[in-house]
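First the structure, in the form of structure tokens, and then the observations on it.
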Protein chains: 2
Amino acid sequence: MEQNDISSRIVFADRGKVNVEKGVEFAPKFDQNGLIPALAMDHITHEPLMLAYMNAESLRMTMELGEAVYYSRSRQEIWHKGATSGHVQKVKQILVDCDQDALIVLVDQCGAGACHTGHHSCFYRSVPFGDELKAQPQGGGVTLREADGGVVFDAEAVYGKGH
Amino acid sequence: MEQNDISSRIVFADRGKVNVEKGVEFAPKFDQNGLIPALAMDHITHEPLMLAYMNAESLRMTMELGEAVYYSRSRQEIWHKGATSGHVQKVKQILVDCDQDALIVLVDQCGAGACHTGHHSCFYRSVPFGDELKAQPQGGGVTLREADGGVVFDAEAVYGKGH
């Protein structure tokens, strides 16, 4: 896909000229790095899978392709999720919030999982709070707890060594 | 709560000294503005409610209080959600992702809703993609679609005029 083509086909509204909260014009806000956060969730179970970022181009690609395309901050490049692993995310719905600076992408997660660690979801650990936190030794760090059933696929086989 | 007290009670691990992905030490990563994104979801329905940000202090307050405390980027201050509206979010679970730079907060949303616009969720509009996008006139902007049943409370009565 040529960026110029896609930019002219999918035009975002000027945030200064529309009612961002009450209007129907899509005017996404990108942060100082040109990115908007996008949380991918399973479209049926609503399990949160991963939080990643899109730039304007990857958002347009997601909208046109119907598969989640992010911008990799570490690799500084467009990242078509699943291009390496086969774990494509087929988009079922995209939601935008009141001030249009965050997205939810409801997806059909293909393959065994979303996370490069081998877990189904990136959110595989829980953070203690309240009583559970109080029961931990204070001042020595906070201990996370496993929140899923463990890894569901061999990350090294899917992504290669040192992924 | 005194910040110094809470910082010594809840100590985050040094990210350079632990295995962030495979370890059990909580070592949240704050971005260049000192913030980490936190998506609040209903703990039963898993409906996404809002995406906001926490700084180290508000994250510690959330963990200690068991109610969601964010950092307001617009007001540049600690924001105990519900302090004005009564729409407190009682924390049921906090999840952290593989690289520990994003949080999910599963909450019991008190009151009618999470959004200052009067909607139950901030994610009340959907973004067209694929065939629905193609059916819209090209080059003239993207039209959002309502994704919920409309407002559920009188935002002006709860937050005051010009909220």
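Along the chain as shown, the residues are counted starting at 1.
Every residue gets a Cβ built from N, Cα and C, even glycine.
Classification of A:ASP97 (Mg(2+) binding site) by DSSP places it in coil, neither helical nor stranded. If you look up TrEMBL, you'll see A:ASP97, A:ASP99, A:ASP101 marked as Mg(2+) binding site.
TrEMBL lists A:CYS98, A:CYS115, A:CYS122 with the feature Zn(2+) binding site. Applying an 8 A CB threshold to same-chain residues 6+ apart, the list for A:CYS122 (Zn(2+) binding site) reads A:LEU49, A:MET50, A:LEU51, A:ALA114, A:CYS115. Under the DSSP three-state reduction, A:CYS122 (Zn(2+) binding site) is assigned to coil, being neither helix nor strand.
Feature annotation from TrEMBL assigns domain 'Phosphoribosyl-AMP cyclohydrolase' to A:50-124.
Neighbour density around each Cβ, counted as other Cβ atoms within 10 Å, peaks among the binding-site residues A:ASP97, A:ASP99, A:ASP101 at A:ASP97.
Here the binding-site residues are A:CYS98, A:CYS115, and the one with the most other Cβ atoms within 10 Å of its Cβ is A:CYS115.
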